[in-house]
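Undergrad: Below is a structure I'd like to ask you about.
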Amino acid sequence: MVRAGAVGTHLPASGLDIFGDLRKMNKRQLYYQVLNFAMIVSSALMIWKGLIVLTGSESPIVVVLSGSMEPAFHRGDLLFLTNFREDPIRAGEIVVFKVEGRDIPIVHRVIKVHEKDNGDIKFLTKGDNNEVDDRGLYKEGQNWLEKKDVVGRARGFLPYVGMVTIIMNDYPKFKYALLAVMGAYVLLKRES
């Protein structure tokens, strides 16, 4: 007979009796699992902060949320960004920018660059699949974007990998269920 909580054993639970499994753990196992979970979360945060420093972008990875950039990028594509201040913005580049008053960044192509004599650079964007430029998306009275509006420039992508994020935002119950299952797995997984 196998005793619950014995090292290297795991008794299958009938259904998902998460709290029953937690009660069966001794305090040391529970502390270990909580610490393990905290290490996973803090490691993910450190990797994210490291990417921010390496890429110069406040958001080094973004998901394309609409079809406005088709055929170049589709809804759900994952973009990798850089935003080095010394690199000039050129027509034809795909940029991710934020508009004052909007929470979600926009992924569009630079179609015109306007450089003043004093060195100030302004530019105009448009989605590849859109009929008109983005002036209607900019804040009222703004006709051009400036470098400060740019979150990053697309340097690479993974097709459709970001659909998981879109599904989790479109169906919040799915997101919470997935997070609960992952959290329960980390807490209840026992080392052999």
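Yeah, the Cβs are placed from backbone N, Cα and C, and that goes for glycine too.
Pasting the relevant annotations from Swiss-Prot:
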type     : residues : note
ACT_SITE : S68      : active site, charge relay system
ACT_SITE : H108     : active site, charge relay system
ACT_SITE : D134     : active site, charge relay system
REGION   : 177-188  : region 'C-terminal short (CTS) helix'
TOPO_DOM : 2-28     : topological domain 'Cytoplasmic'
TOPO_DOM : 49-192   : topological domain 'Lumenal'
TRANSMEM : 29-48    : transmembrane segment
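Are these features on the surface or tucked inside, and what are their neighbours?
TA: When secondary structure is read from DSSP and collapsed to three states, S68 (active site, charge relay system) falls in the coil class.
H108 (active site, charge relay system) falls within a strand when secondary structure is assigned with DSSP.
In sequence order, I106, H108, L124, T125, K126, G127 make up the list of same-chain residues 6 or more apart from D134 (active site, charge relay system) whose Cβ falls under 8 Å from its Cβ. Taken residue by residue with DSSP, D134 (active site, charge relay system) is part of a helix.
When averaged over the region 'C-terminal short (CTS) helix' (177-188), pLDDT in the model lands at 83.
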Undergrad: Count, for each of the active-site residues S68, H108, the other C-beta atoms lying within 10 angstroms of its own C-beta, and report the residue with the smallest count.
TA: S68
Undergrad: Which numbers of helix, strand and coil residues does DSSP report for the region 'C-terminal short (CTS) helix' (177-188)?
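TA: Residue counts in helix, strand and coil order: 12 helix, 0 strand, 0 coil.
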